[in-house]
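Trainee: My questions all concern the structure below.
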Amino acid sequence: MASPSSDTPTRKPRKKSMGNSSNLGSTWTEANIQELYDLRLAKKSWTEIGAAVNRTGGAAQQQWMRMQREHHPLVAADRGTKTPSPEKEPKDESPPDVPDGKCVVCGKYGFVEDGELIRCFKCQEVYHKSCHQPPVPQNHLQSAVTPWHCGRCVELEASIGSTLAENLHTALEGASTRKRRQRPRSNDNGISSDEETSTHLASQTDSPKPRRKRHRTKSTGPVSSEENMSETTAVPHELDILRNQIQNLEKDNSAMQQRLAEVMAAQKTKDAEMEKLRDAVEGLKTSLSDRRDSSPLNGWLSKTKKRITGFGGASSS
């Protein structure tokens with residue numbers, strides 16, 4: 001065995017080693033440290049390392065910690081070459097293969113393409129068909145032609161419908177009011193522009209007060225324009241939603257009118273067929289009446305009836 005190196009500890013370990021040890025009092029040598037280092041590189045557990053080097057008479061973990069405190073070169077080399085252990089690597093907690101998100105109600109993941117989840121066309125949230133209230137039929141197929149809206153978006157559209165109309169009416173009223181305010185005061189008072197100019201010049205020579213008033217009147221122009229711009233652009237999103245709703249209503253109205261026209265055309269066809277049937281029935285009645293009048297049996301019956309009537313009158317007399 002090689003002699004102990006000068007930079008290795010020579011004192012006995014504090015704890016007993018695992019298993020039976022024949023060299024309990026022996027010291028750590030360079031070969032022992034190299035063996036421990038090789039086992040560390042092989043990523044052995046501390047139990048296996050301690051069992052492999054128990055002939056040194058100390059716990060491998062304590063000795064390795066002592067080497068770390070003394071900055072042993074093998075410890076530095078182990079830090080430079082050692083790769084992180086698998087158990088210390090960050091775990092990937094993302095759910096496996098869930099490209100379509102999770103249900104808003106239950107929080108479980110699923111797929112839209114398989115029909116398990118359904119996506120709202122407006123808010124892009126996904127729901128299980130059975131989790132949504134009211135439940136969505138399982139045979140419902142989502143497409144761009146027939147977009148599906150969740151209950152929250154439907155309630156939101158219904159609640160803001162009247163608000164949008166009121167905001168639009170208010171915005172239009174405000175715009176018309178501002179336009180009326182921006183008109184020249186001479187038009188409102190019925191004074192011509194020449195009279196207003198002469199009056200303004202006369203007042204300007206008398207006192208500078210009207211000039212300041214006119215200056216304030218001019219300065220209010222940009223302010224009113226800015227207010228007009230801010231109020232006009234306050235509800236662009238609501239106006240877009242309202243415009244889309246109007247377009248959808250127009251499409252539905254057009255489809256209903258087309259369907260109504262088809263029903264009316266079918267009704268006219270049925271009425272024409274019924275008229276033909278009535279004419280045919282009337283023709284059959286007329287033909288039957290003519291045949292009855294021209295039948296020999298009918299003449300015989302008429303004569304017989306007259307005879308019976310005459311016989312009855314004679315017997316009574």
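Including glycine, each Cβ sits where the backbone N, Cα and C put it.
Predicted automatically and left uncurated, TrEMBL annotations should be read as such.
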Trainee: Among 99-126, 239-266, indicate the range for which TrEMBL gives the feature coiled coil.
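Mentor: When 99-126, 239-266 are checked in TrEMBL, coiled coil belongs to 239-266.
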Trainee: Summarise the domain 'PHD-type' (100-156) as counts of helix, strand and coil residues per DSSP.
Mentor: 6 helix, 8 strand, 43 coil
